[in-house]
Amino acid sequence: MKKFKCVVCGYIYTGEDAPEKCPVCGAGKDKFVEVKDEGEGWADEHKIGIAKGVDKEVLEGLRANFTGECTEVGMYLAMARQADREGYPEVAEAYKRIAFEEAEHASKFAELLGEVVVADTKTNLQMRVDAEKGACEGKKELATLAKKLNYDAIHDTVHEMCKDEARHGSAFRGLLNRYFK
């Protein structure tokens with residue numbers, strides 16, 4: 001038995017010859033092609049790092065946009081917190097929604113660049129475990145310095161973020177161990 005695919009709607013038919021008419025979309029026999037490879041290939045998909053080797057100005061623009069989008073995420077979330085403090089919850093929610101959209105933009109620039117993400121989940125998890133450990137240590141040092149200089153509010157905020165980084169790293173390590181070790 002052979003398999004035939006309707007190129008209009010994707011319907012797969014199994015038989016000796018393509019059907020006269022697609023039972024799903026009604027396309028004629030001429031719209032069927034024989035399926036030769038049964039692999040899981042897709043017609044197209046997103047690829048990480050497609051900007052490698054592009055024009056220097058384009059590459060710099062992609063990097064600048066990635067940084068800008070990341071900055072906007074933090075800025076908009078901070079603005080959302082301020083709007084909440086002032087009693088404007090709808091404004092806060094708009095900032096949060098837009099921050100998420102900016103995060104999506106940043107993720108697309110990250111994928112194009114392929115510098116902070118690779119096409120391998122195990123490697124990405126390990127990179128994040130290592131990065132969160134470094135971020136935790138860096139924030140702990142900053143919090144300790146702020147405490148030493150009697151900047152209590154800065155110490156408290158940064159120290160709490162230090163603990164968040166440890167939690168993030170532990171979550172990533174748990175996933176790494178569960179799926180890859």
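Including glycine, each Cβ sits where the backbone N, Cα and C put it.
Lifted from Swiss-Prot, the feature list:
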- 1-35: domain 'Rubredoxin-like' (DOMAIN)
- Cys6, Cys9, Cys22, Cys25: Fe cation 1 binding site (BINDING)
- 52-181: domain 'Ferritin-like diiron' (DOMAIN)
- Glu69, Glu102, Glu165: Fe cation 2 binding site (BINDING)
- Glu102, Glu132, Glu165, His168: Fe cation 3 binding site (BINDING)
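Sorting each residue of the domain 'Ferritin-like diiron' (52-181) by its DSSP state yields 112 helix, 0 strand, 18 coil.
Listed in sequence order, the residues Val8, Gly10, Tyr11, Pro23, Val24, Gly26, Ala27, Lys31 complete the 8 Å Cβ shell around the Fe cation 1 site centroid, once Cys6, Cys9, Cys22, Cys25 themselves are left out. Here the domain 'Rubredoxin-like' (1-35) has no long-range neighbours, meaning no same-chain residue at least 6 beyond its ends has a C-beta under 8 angstroms from one of its own. Taking the Cα atom of each, His168 (Fe cation 3 binding site) and Glu102 (Fe cation 2 binding site) are about 21 angstrom apart.
Per-residue pLDDT, averaged across the domain 'Ferritin-like diiron' (52-181), gives 98. Comparing Glu69 (Fe cation 2 binding site) with Cys22 (Fe cation 1 binding site), their Cα atoms are 46 Å apart once rounded. The number of other Cβ atoms within 10 Å of the Cβ belonging to Glu69 (Fe cation 2 binding site), over all protein chains shown, comes to 19. For Glu102 (Fe cation 2 binding site), the nearest of the binding-site residues Cys6, Cys9, Cys22, Cys25 in terms of C-alpha separation is Cys9.
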